[in-house]
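Enquirer: Before I ask anything, let me first share the structure, which is written out below as structure tokens.
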Amino acid sequence: MQSNKAFNLEKQNHTPRKHHQHHHQQHHQQQQQQQQQQPPPPIPANGQQASSQNEGLTIDLKNFRKPGEKTFTQRSRLFVGNLPPDITEEEMRKLFEKYGKAGEVFIHKDKGFGFIRLETRTLAEIAKVELDNMPLRGKQLRVRFACHSASLTVRNLPQYVSNELLEEAFSVFGQVERAVVIVDDRGRPSGKGIVEFSGKPAARKALDRCSEGSFLLTTFPRPVTVEPMDQLDDEEGLPEKLVIKNQQFHKEREQPPRFAQPGSFEYEYAMRWKALIEMEKQQQDQVDRNIKEAREKLEMEMEAARHEHQVMLMRQDLMRRQEELRRMEELHNQEVQKRKQLELRQEEERRRREEEMRRQQEEMMRRQQEGFKGTFPDAREQEIRMGQMAMGGAMGINNRGAMPPAPVPPGTPAPPGPATMMPDGTLGLTPPTTERFGQAATMEGIGAIGGTPPAFNRPAPGAEFAPNKRRRY
């Protein structure tokens with residue numbers, strides 16, 4: 001655990017020491033001596049600082065993490081130079097454990113430098129301020145932010161591209177750690193942006209793909225241009241102690257900063273340099289104006305071409321819909337024709353079945369009529385048969401009348417015949433009763449047409465009726 005007093009002292013001295021680092025070497029050395037006299041004891045890796053017995057303030061290093069900030073990124077990676085040749089990775093971690101858990105530690109012992117990655121950018125800034133120029137085994141440590149080798153500069157960004165959209169667009173190439181759209185002091189987009197990947201392969205892939213193709217971020221058809229980001233140090237700059245003190249250095253430093261006197265040698269060439277710089281500025285402005293006019297002209301042509309393209313697309317869509325409508329109409333007509341043909345076939349089949357049924361009914365009726373005629377002869381045929389039977393019966397009676405009657409034993413009933421049916425022995429037209437018809441049916445020769453019927457026998461003597469009784473017909 002660390003004393004909170006020493007930590008707050010270093011935070012208070014952060015800005016003044018950084019301000020006087022380039023201009024007041026003596027004040028910087030005094031602060032360095034204070035650091036040596038009061039070295040900050042390390043704190044555990046859990047990220048908390050417990051106060052001493054006199055002070056009850058506790059600082060949680062997790063509070064230095066911004067909302068939504070990613071941890072252990074390239075932005076929190078520090079370069080540590082002037083390391084002792086015998087330093088170990090464990091000593092390196094122990095040196096930075098005050099600022100939280102370290103994610104990556106690399107040491108190049110032969111060249112005396114290394115890299116370490118902390119959790120957040122804020123913790124890395126605090127570690128850089130406190131450990132820079134700190135003596136370690138006779139050497140002063142040099143702590144800087146490591147160059148982000150996987151960062152790209154994106155130009156020609158459309159107006160309505162935000163940080164989130166830029167990150168989403170470039171995340172197709174790999175994991176993006178940070179994406180920022182650069183704006184001016186009023187918050188207006190400048191058309192430039194920065195994209196930082198977690199590794200070099202993703203940055204190389206994005207650079208190659210965007211160089212070969214046209215990567216569009218919005219509906220505005222202007223592709224973005226991608227190039228490696230220039231690694232510039234705009235925080236520390238070039239301190240006096242890092243300037244190489246060679247012969248040219250001493251020659252340049254012979255005179256202090258001043259204004260050139262008119263009419264002097266240096267004034268004449270200073271004015272010529274100034275004219276050259278002005279001409280460069282004018283030409284650059286002219287180039288910028290030409291580029292601006294060309295961009296405006298291209299945008300106008302693009303709008304006209306876009307309108308024409310939209311009209312063409314609408315025409316194509318209309319033609320496609322008309323073709324689709326015509327095809328649907330043809331399909332509908334074909335379906336109607338098929339339905340009509342099916343109905344005609346069904347109607348023809350129904351008529352054929354009805355005709356077949358009608359023919360079958362007529363055939364059945366004809367057969368029934370023929371069968372009726374064969375079983376029951378008509379009235380004319382029946383009348384002719386009856387006439388023939390009557391004529392045959394009369395002829396038989398006349399023939400048998402000349403012959404003597406056969407003797408009949410007493411008590412024998414008279415045989416059925418016309419004598420028992422009619423009193424005069426003639427055949428009447430009235431049909432006989434069932435009993436007598438049955439008796440007549442037993443006679444021989446009645447059933448054959450044109451055959452000779454048997455003769456009627458004379459009645460027996462006992463069959464005579466009384467004088468007062470009439471014979472029953």
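The backbone N, Cα and C atoms fix where each Cβ goes, and this holds for glycine too.
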Enquirer: Quick test of your reading of Swiss-Prot: among 387-415, 445-473, where does it put region 'Disordered'?
Expert: 445-473
Enquirer: Annotation N6-acetyllysine in Swiss-Prot: match it to one of K281, K340, K373, please.
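Expert: Looking at Swiss-Prot, the N6-acetyllysine feature maps to K373.
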Enquirer: May I ask you to name which of K94, K109, K297 Swiss-Prot has annotated as N6-acetyllysine?
Expert: K297
Enquirer: For the candidates K66, K200, I need the one that Swiss-Prot annotates as N6-acetyllysine.
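Expert: Record says K200.
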Enquirer: Hey, how far is K128 (SUMO2 cross-link) from K192 (SUMO2 cross-link), Cα to Cα, in Å?
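Expert: Distance (Cα to Cα, whole Å): 29 Å.
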Enquirer: Among the recorded sites listed here, K98, K128, K192, K200, whose Cβ has the fewest other Cβ atoms inside 10 Å?
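Expert: Comparing Cβ neighbours within 10 Å for the recorded sites K98, K128, K192, K200, K200 has the fewest.
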Enquirer: Select the closest residue to K245 (SUMO2 cross-link) from the following recorded positions, measuring between CA atoms: S149, K192, K251.
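Expert: Answer for the nearest of the recorded positions: K251.
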Enquirer: Using S149 (phosphoserine) as the reference point, find which of the recorded positions K101, K200, K251, S264 has the shortest Cα-to-Cα distance to it.
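Expert: The answer is K200.
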